[in-house]
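So the structure is just underneath, and the comments pick up after that.
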Amino acid sequence: MRRKLIAGNWKMNGSLSGNQALLNGIKEEIGQANCDVAVCVPAPYLAQCRDSLSATLIGWGGQDLSVHESGAYTGEVSASMLRDFGAKYVIVGHSERRSYHGESDDAVAAKTARALRSGLVPIVCVGELLSEREAGQTAAVVGRQLDAVMAVLSADDLANIVIAYEPVWAIGTGKTATPDMAQEVHALLRKRLAAKSPAAAEKVQILYGGSMKPDNAADLLRMADIDGGLIGGAALKASDFLAIIRAAS
Ligand code: PEP
């Protein structure tokens, strides 16, 4: 039985004072969550997470990392910098990075390998555009995105990633994939993992992301291959995030 993971993606939101109120609200009410919990925050707030969350079971992480180890790459944040601040996770290949920053499947794969080499758990995002779903290309698109990552990882490394299936048309739109629609894609992703490593397929947490909210979380999280959620908007309100954590526990 895989443990569930609820990971918040704060995107480019927050302030020192606002974050503190949010983190305090989560810490005060989380109790004995029976699932893994993390927040993926803008890099300047990693130190705040370290200071605020170190004594808790809540992990923290970045939202992107450089493919390079170090050097003349102005504006980039390296895997070892994330590790310096105690990050456990890093989101890789979010659709906003793919679309606004032109991240290719190969770049996402290289970043995934870089994260693993540095001891981070990459949360690798895959997902189709609305036009691709309507053209019946969902399986081909997410399969291609996952294949690029699998091509650069050993079977052992593959077991140490997290995958987030995030249909792009559901992110921040209030439109959610139905539990059956999501389960179909999750099962397909797990089957693809199994072709390379049955052990990795059994172990890898596959999260759903895309307008997961307190009122739809339980139905999604009940599906056999949905091992948690990557939560955007609802991660910015302690009561919503906690309600999703409870649904996963
Ligand atoms: C996300 O940004 O990864 C996400 C799933 O956002 P939202 O929950 O707001 O759709």
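Including glycine, each Cβ sits where the backbone N, Cα and C put it.
Annotated substrate-binding residues in TrEMBL are N9, W10, K11, S211, G232, G233, and among G31, G59, G61, G172 the one listed with them is G172.
Of N9, K11, H94, G172, G233, all annotated as recorded positions, the residue with the shortest Cα distance to E166 (active site, proton acceptor) is H94.
Here the CA atom of W10 (substrate binding site) lies 12 Å from the CA atom of H94 (active site, electrophile). For W10 (substrate binding site), the same-chain residues 6+ apart in sequence whose C-beta sits under 8 angstroms from its C-beta are V39, C40, V41, P42, Y45, Q63, A235, L236. Cβ neighbour density within 10 Å is lowest for S211 among the binding-site residues N9, S211. Residues I171, I231, A234, A235, L236 surround the recorded substrate site, their Cβ atoms falling within 8 Å of the Cβ centroid of N9, W10, K11, G172, S211, G232, G233, which are themselves excluded.
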